[in-house]
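Asks: The feature compositional bias 'Basic and acidic residues' is assigned by Swiss-Prot to 1-37. Sequence annotations record features per position, and here Swiss-Prot assigns phosphoserine to Ser28, Ser67, Ser109 based on similarity to another entry. Taken from Swiss-Prot, the feature phosphothreonine applies to Thr99. The region 'Disordered' feature in Swiss-Prot is assigned to 1-54, 77-117.
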Amino acid sequence: MSRDNQEIKAPEESSAEEQKEMDDKVTSPEKAEEIKLKSRYPNIGPKPGGSDFLRKRLQKGQKYFDSGDYNMAKAKMKNKQLPTAAPDKTEVTGDHIPTPQDLPQRKPSLVASKLAG
């Protein structure tokens with residue numbers, strides 16, 4: 001039986017070796033073509049710092065994801081330029097729960113309501 005096992009293993013090994021040789025034959029012409037192309041065109045290929053387009057975009061400075069980001073940044077710049085308001089207002093927001101006595105009186109509307117008729 002041991003002879004049978006050895007005989008069975010031998011064809012498997014030879015088929016694996018044949019498969020490797022076939023793979024080498026298939027890839028070797030491809031690799032040969034790659035070597036030829038690289039020798040003809042040495043500048044073409046993956047660059048370590050990424051593509052030229054990406055490098056150019058990164059050098060330009062801060063860019064915005066969309067128009068919302070642009071408008072938010074623009075609003076922040078305007079807020080920095082505006083002078084701050086004087087602290088004469090003493091409105092309290094969120095410190096306590098308002099009661100009807102705490103609320104200021106409602107001002108009458110300048111426009112007459114169509115419903116009041």
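Cβ atoms here come from the backbone N, Cα and C positions, even for glycine.
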Asks: To the nearest Å, how far is the Cα of Ser28 (phosphoserine) from the Cα of Ser67 (phosphoserine)?
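Replies: One finds 51 Å between the Cα atoms of these residues.
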Asks: Can you count the other CB atoms that lie within 10 A of the CB of Ser109 (phosphoserine)?
Replies: 8
Asks: Reported as an integer number of Å, what is the Cα distance between the residue listed as 'phosphothreonine' and Ser109 (phosphoserine)?
Replies: 23
Asks: Please report the Cα separation of Ser109 (phosphoserine) and Ser67 (phosphoserine) in Å, rounded to an integer.
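Replies: It is 38 Å, counting Cα to Cα.
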Asks: Tell me, by DSSP, whether Ser109 (phosphoserine) is helix, strand or coil?
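Replies: Going by the DSSP assignment, Ser109 (phosphoserine) belongs to neither helix nor strand, so it counts as coil.
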Asks: Please state whether DSSP places the residue listed as 'phosphothreonine' in a helix, a strand or coil.
Replies: coil
